[in-house]
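**Q** Okay, here's the structure, questions in a sec.
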Amino acid sequence: MDTDNLSWGTELWDQHENLALHTHKGIEFLEKYGGFVRERCAIEAEYAAKLRRLVKNYQPKKKDEEDYQYSACQAFKTMMNEVGDLAGQHEVVAEDLTSTVLQELQLLVRNLKDDRKKHMVEETKLRSSLQTQLAALDRTKKAYEKAFKETEKALDEYQKADADLNLSRAVVEKARLNMVSKNQQCEEAKKDYANQLEKTNELQHQHYAALIPEVLRQLQELDERRVRSIKGFIIKSVEVERKTFPIMEKCLEGIVRAANNINEKEDTRLVIERYKSGFNPPEDFLFEDLQRGADEHSNSMISNHSNSLPSMSRVDTIKGTISAGKNKKRVGLFTSLFGNNKSNYSNSESKEDYTDLPPVQRRKKLQQKLDEIAVQINKETQTRDGLMKMKSVYEANSALGDPMSIEGQLNDSGHRLDKLRQEQLKFIAWLEESDGKGQLHNPVSSTTSSPSSQRSNSVHRNLLNGNSNGKQRHSSSDESVSPSASSDGSRHKQPPNTLALGPESGLGSRTSLPDSDRGDELGGAEGVDDDPDFADGPLTPLGTCKALYAFEASSEGSIPMFDGEELLLLELDQGDGWTRVRRMNDLEEGFVPTSYIECSLYSAC
């Protein structure tokens with residue numbers, strides 16, 4: 001059977017009621033499928049929301065952030081981020097199903113209902129028209145049948161009257177005229193019946209051959225469109241979900257990659273670094289001969305009180321003394337081994353200088369505090385530099401603003417910088433004190449300290465002791481330790497970006513505040529002649545430095561250098577990203593980017 005040529009209009013011309021019921025059930029099925037898609041979208045959205053809530057509930061709290069330095073915890077945190085991304089993909093599935101499937105499906109249901117209703121109305125109208133024609137045909141047929149019967153009756157009466165010799169000719173003529181009239185009426189009724197029959201047959205043929213098949217064809221197309229749309233919706237649903245598979249796969253790969261990054265040995269090292277106290281293990285206990293002491297004591301007691309105590313009492317006294325001595329020594333031993341550590345770790349944040357922590361932990365905390373202060377100094381320095389630049393712009397063009405309007409802000413910034421630098425010096429002093437104490441407790445502590453602590457110690461010694469000629473370049477409130485002066489040598493070969501402001505701009509940290517009595521110190525070449533340190537000759541070097549990258553001097557006050565060149569370090573970075581240096585073979589000096597050099601300071605005298 002050729003399925004392409006099958007038609008409801010020809011095959012099911014007499015099954016209109018069944019087809020109407022079938023199309024109604026088909027639209028209900030489409031609505032049912034739409035309900036399934038709608039509920040699935042709700043489930044996807046709810047699942048995504050619950051995943052996000054789960055990730056949020058298990059995010060590390062601020063107090064637990066230090067525990068997430070371990071690789072296992074970091075892998076768990078990465079996994080939660082990937083799960084959050086998976087939740088986002090489920091949200092995408094819900095949104096795309098709603099926009100590309102559900103909304104289109106709901107619109108299709110409305111259109112199908114409207115089209116089906118229109119086809120049903122059209123079929124009802126056609127059937128009503130046919131019924132009207134059939135009724136008219138029935139009426140004309142009945143009229144024809146009545147007229148035919150009356151004609152036969154009139155003919156019979158006329159024949160009887162004509163045969164009856166007793167009747168007058170007038171009566172016979174009347175019967176004849178009645179017969180003729182009935183014959184005419186019968187002929188007219190017959191003609192009306194024939195005309196109506198022709199119209200009815202034509203309408204009926206048109207109804208079953210063209211009109212009803214067209215309506216059924218449209219119903220067939222409606223139903224086929226519904227079935228075809230369900231197929232398309234199912235495929236679209238799969239495509240929507242399949243589109244998220246690559247991203248979900250990447251999320252799962254990220255989880256596996258995070259799991260592979262778990263390193264139990266590295267976690268062990270971090271645990272040691274976090275909890276190591278720096279104390280040496282306790283030495284062996286010396287043997288105390290309690291019996292010898294007791295014997296000497298008993299001999300003395302016997303010689304002095306030989307007549308006052310019986311022999312059994314002396315033995316009991318000696319045993320009691322030994323027992324008491326052992327109990328007392330045991331309590332002292334456990335207190336010395338465990339009591340001190342408990343008190344140290346119970347309230348690690350109670351003192352500002354962290355003296356209640358073990359040496360290694362104290363140095364770690366102090367170094368963290370120094371790093372935080374360095375970040376704050378850098379931020380405050382940038383703020384002050386911006387204010388100074390704004391002030392210089394206002395001074396150059398008074399129409400833009402009043403330079404005195406930012407005087408108060410500059411004063412506040414200067415006070416904050418002074419306070420931060422005092423805090424920095426205080427913590428550096430505590431760090432040096434911690435290093436000294438650590439060497440007393442553990443001789444190898446100086447070799448195991450971090451490069452950042454060694455850097456802070458060496459720079460602080462230069463700040464406290466000054467240069468070899470006893471002169472200091474700046475007051476203590478203007479000194480800051482540059483984190484770029486690290487001697488660990490771990491740098492990338494690609495040169496970093498230099499600062500936007502050159503050393504000659506006068507807007508770096510070397511620029512004094514307006515209310516300062518230190519005077520303005522410009523880092524350019526013009527400031528060298530006015531520097532009081534040059535009254536007795538050039539500056540004494542603080543150390544040496546090596547150029548890690550080539551530098552082309554493009555601003556006033558800076559000097560060029562080539563890769564690997566050895567230079568003398570004259571002045572440390574004051575927070576503006578520039579370091580003052582001098583060439584080895586002549587007196588040419590200037591500023592170079594701090595991030596382009598590796599510094600090595602001389603030992604403090």
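Along the chain as shown, residues are numbered 1 onward.
Just so it is clear, glycine is given a Cβ too, placed from its N, Cα and C backbone atoms.
Note that the structure is predicted; figures quoted are calculated from it, not measured.
Copied straight from TrEMBL:
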COILED    102-206  coiled coil
COMPBIAS  441-461  compositional bias 'Low complexity'
COMPBIAS  478-488  compositional bias 'Low complexity'
DOMAIN    6-267  domain 'F-BAR'
DOMAIN    356-433  domain 'REM-1'
DOMAIN    540-602  domain 'SH3'
REGION    437-539  region 'Disordered'
**Q** Summarise the domain 'REM-1' (356-433) as counts of helix, strand and coil residues per DSSP.
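**A** Taking each residue of the domain 'REM-1' (356-433) in turn, the totals are 72 helix, 0 strand, 6 coil.
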**Q** Counting each residue once, how many in the domain 'SH3' (540-602) are helix, strand and coil under DSSP?
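**A** Across the domain 'SH3' (540-602), the residues distribute as 3 helix, 30 strand, 30 coil.
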**Q** Take every residue in the domain 'REM-1' (356-433), average their pLDDT values, and give the whole-number result.
**A** 86
